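In what follows, a single structure is set out as structure tokens and then discussed.
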Amino acid sequence: MAQAGRTGYDNREIVMKYIHYKLSQRGYEWDVGDVDAAPLGAAPTPGIFSFQPESNPTPAVHRDMAARTSPLRPIVATTGPTLSPVPPVVHLTLRRAGDDFSRRYRRDFAEMSSQLHLTPFTARGRFATVVEELFRDGVNWGRIVAFFEFGGVMCVESVNREMSPLVDNIALWMTEYLNRHLHTWIQDNGGWDAFVELYGPTMQPLFDFSWLSLKALLSLALVGACITLGAYLGHK
């Protein structure tokens with residue numbers, strides 16, 4: 001696999017293809033417009049997304065599902081450091097890790113979806129609260145996988161509740177957080193290539209992600225978000 005060098009891979013591409021995959025699992029098509037990525041450390045420009053749920057959506061976990069929808073155009077940064085194209089194995093390994101995480105806590109993620117109470121006005125607060133709690137005690141690959149899976153849950157829930165435009169914002173928030181808060185850690189720990197080497201198909205299963213701690217963090221963050229919402233509504 002080609003080495004990305006110090007600048008690393010394009011986080012926006014990684015986010016967009018992951019969300020595309022998670023929506024494809026639920027039978028939604030994701031058409032991505034001509035969107036340029038923002039440089040590292042800057043807020044990216046929102047994309048142009050459209051969602052068309054199939055008449056009879058059938059969940060699927062096949063890795064090639066995303067390829068059946070409209071292809072993603074290459075994402076090239078207009079300014080800032082030149083980013084390397086993301087190798088397919090990075091996307092596949094991240095999907096595998098996310099699927100493993102969601103299988104282990106399928107019931108908890110279902111409960112999380114019902115507790116999010118997403119609206120156009122609460123979505124950013126929900127995202128910020130959970131992500132802040134998730135990385136409060138530091139960063140590791142397990143928490144990064146949980147970050148992607150949580151973003152996927154938010155996107156699916158947004159489409160389920162007929163709030164598809166929220167996915168634009170969620171993709172932007174995820175990319176911005178990766179660029180500003182996680183990119184340095186990822187590069188200092190070998191980049192996404194190291195993630196593939198550690199958790200690729202031929203390596204050990206993803207059993208060292210501190211699943212219970214992640215579950216507790218996500219639950220605590222959701223409780224905090226609900227308390228905050230209750231306090232806000234109490235003053236309305």
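In case you wondered, yes, glycine gets a Cβ from its N, Cα and C as well.
In Swiss-Prot this protein carries:
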- THR69: phosphothreonine (MOD_RES)
- SER70: phosphoserine (MOD_RES)
- SER84: phosphoserine (MOD_RES)
- 10-30: motif 'BH4' (MOTIF)
- 90-104: motif 'BH3' (MOTIF)
- 133-152: motif 'BH1' (MOTIF)
- 184-199: motif 'BH2' (MOTIF)
- 209-230: transmembrane segment (TRANSMEM)
Cβ packing number for SER84 (phosphoserine), 10 Å threshold: 16
Segment-level pLDDT (mean, integer) for the motif 'BH1' (133-152): 88
DSSP residue counts for the motif 'BH1' (133-152), split into helix, strand and coil: 14 helix, 0 strand, 6 coil
